[in-house]
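*Asks:* So that we are looking at the same thing, I have put the structure below in structure tokens.
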């Protein structure tokens with residue numbers, strides 16, 4: 001039976017269901033990556049260009065106008081931006097699981113529209129827009145769901161797996177593009193690529209309905225028994241829901257949620273004003289998440305993944321799809337490294353050093369492309385490929401996974417869905433700007449466009465140093481406590497230890513006992529002084545109708561867990 005036994009991972013007790021949940025939800029990242037990678041190769045397929053291109057070159061061959069190429073690629077990002085904002089509502093209304101299934105349905109509908117496109121670029125573009133709505137919804141829901149369900153000891157690696165699956169999705173799409181290039185004169189080439197995306201989405205859309213719901217979402221709706229059972233299943237303690245490990249997790253969550261509930265439900269306006277809750281650094285964290293995700297896109301990574309094949313084709317590389325395949329492989333390999341880095345070295349230092357490293361290699365890429373003629377200089381082409389690989393290696397190990405980790409763990413529960421939506425929307429805004437501007441910029445200033453990314457990476461390094469707090473090893477509740485320390489500076493935050501802990505990993509058992517005794521009202525404790533059990537009184541004294549207006553407590557539990 002799932003959830004029966006606990007597995008030790010990095011010192012954390014995890015259930016099999018937690019591992020399944022992490023894998024299934026990470027498929028949302030795979031869909032994002034697959035859709036990102038597929039368009040780069042499709043833009044070179046003969047049948048795709050002949051059907052949707054609108055210009056004819058001097059030799060009579062059909063081609064894309066730069067503005068048309070920009071629109072075709074970038075309108076998906078407008079869809080993802082809208083989908084990201086809507087994700088805040090669906091995740092709160094329906095729960096994290098059903099929201100993810102909804103995102104998959106939108107993605108499938110968009111892909112069906114693309115497959116049925118015949119001869120007009122607007123048909124294809126509209127399909128990409130609809131698929132983008134689904135991808136945007138998933139890009140909010142997946143990191144949030146993962147962060148709320150993962151033990152703090154492995155939360156960074158689990159949320160970073162979203163980026164790992166993005167890179168695997170890009171690589172798989174590159175491999176498929178490479179495999180179907182021999183039939184690129186047929187519509188089957190690009191239709192196969194798009195259609196496979198539907199098959200890849202089904203495990204997430206269906207499978208996520210069979211894993212535990214987020215315990216924090218359940219607790220936020222006063223379904224504490226559902227939250228306890230969900231937490232026990234995720235810890236591998238389904239048959240022991242009153243295990244001390246589960247009790248400690250529930251106690252921390254209870255104290256944080258009840259403190260936030262005194263002020264009601266957070267609004268969009270509150271994300272930018274901090275009122276009426278006055279949660280410490282709430283507005284600060286809103287802009288922190290938005291800036292990091294905007295800067296993630298402006299590192300320049302999708303300059304290569306959206307248009308890499310086109311860029312290397314124009315530089316005289318004999319087989320640009322093979323180069324794109326190499327870049328995709330580097331991306332995947334180094335993201336595995338990033339999963340280790342995020343738990344070993346935290347968030348601040350890898351992001352800071354990664355931005356500097358990326359700026360250096362982008363400067364080399366732009367300088368060589370500008371100073372030499374890569375189309376007629378083999379050495380220049382090789383240097384540019386190496387520079388692109390070194391840039392992507394850094395991004396995959398730092399900014400790629402860690403930006404998602406940051407939005408998964410930085411925001412308080414009260415406004416988490418809305419702040420995550422805003423941050424992710426900024427990611428897609430940056431994505432749209434890159435995908436729309438790149439064809440126009442390269443047509444006008446060629447490889448000098450790389451210097452823009454040099455500047456944005458330098459700005460990203462400065463921003464991380466002065467504004468991001470180190471959250472490695474902290475529970476989501478203690479991340480809130482850390483941001484409430486008025487005299488703590490970001491560059492010294494890694495030394496901060498939460499109250500009740502001797503280190504970030506080791507609890508002070510005596511302190512935890514005192515907190516558990518003081519944090520829950522006396523009338524709501526069991527005989528052992530713990531938060532209530534499944535057959536105890538509810539956390540707050542309420543009428544039965546107030547506690548469960550839709551039926552019995554058991555019925556509510558069966559629906560939500």
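Using the three backbone atoms N, Cα and C, a Cβ is placed for every residue, glycine included.
Here TrEMBL flags 12-34, 67-88, 100-120, 126-145, 157-176, 188-211, 282-305, 325-342, 349-368, 380-407, 419-437, 449-468 as transmembrane segment. The domain 'Major facilitator superfamily (MFS) profile' feature in TrEMBL is assigned to 21-472. Residues or ranges marked as region 'Disordered' by TrEMBL: 513-561. Per TrEMBL, compositional bias 'Basic and acidic residues' is recorded for 551-561.
Describe the structural surroundings of these features, if you would.
*Replies:* If one looks beyond the transmembrane segment (100-120) by at least 6 residues along the same chain, the residues whose Cβ comes under 8 Å of a Cβ in the stretch are 25, 28, 31, 51-52, 79, 83, 87, 90, 94, 126-138, 141-142, 145, 191, 194-195, 197-198, 201-202, 204-206, 208-209.
Remote same-chain residues near the transmembrane segment (157-176) are listed as 10, 22-23, 25-38, 40-41, 142-143, 146-147, 150, 192-193, 196, 200, 305, 321, 324-325, 327-329, 331-332, 335-336, 338-340, 342-343, 396, 400-405, 408-409 (criterion: CB distance under 8 Å, separation of at least six residues from the stretch ends).
Through the fold, the transmembrane segment (188-211) approaches residues 17, 20-21, 24-25, 27-28, 30-31, 34-35, 38, 41-42, 45, 47-48, 97-98, 100-101, 104-105, 107-108, 111-112, 114-115, 131, 138, 169, 173, 176-177, 180-181 of its own chain, all at least 6 residues removed from its boundaries and within a Cβ separation under 8 Å.
Outside the transmembrane segment (325-342) by six or more residues, the chain places 37, 156-157, 160-161, 163-164, 167-168, 170-171, 173-175, 178, 304-305, 308, 350, 385, 388-389, 392-398, 400-402, 405, 472 with a CB less than 8 A from a CB of the stretch.
With a cut-off of 8 Å between Cβ atoms, the residues of this chain six or more beyond the transmembrane segment (449-468) that come close are 284, 288, 291-292, 295, 298-300, 303, 347-348, 351-353, 355-356, 358-359, 362-363, 365-366, 369, 399, 406, 438, 441-442, 490-491.
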*Asks:* For the transmembrane segment (12-34) against the transmembrane segment (126-145), do we get 3 or more Cβ-Cβ pairs below 8 Å once near-sequence pairs (under 6 apart) are dropped?
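*Replies:* Yes, the transmembrane segment (12-34) contacts the transmembrane segment (126-145).
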*Asks:* Which range wins on Cβ pairs under 8 Å with the transmembrane segment (282-305): 67-88, 126-145, 380-407, 419-437?
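*Replies:* It is 419-437 that shares the most Cβ pairs under 8 Å with the transmembrane segment (282-305).
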*Asks:* Please report, as numbers and ranges, the same-chain residues at least 6 past the borders of the transmembrane segment (67-88) whose CB is under 8 Å from any CB of it.
*Replies:* 35, 39, 43, 52-55, 99, 103, 106, 110, 121, 124-125, 128-141, 306-307, 417-418, 420-422, 424-425, 427-429, 431-432, 435-440
*Asks:* Limited to the domain 'Major facilitator superfamily (MFS) profile' (21-472), I'd like the whole-number average of pLDDT.
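*Replies:* The average pLDDT of the model in the domain 'Major facilitator superfamily (MFS) profile' (21-472) works out to 87.
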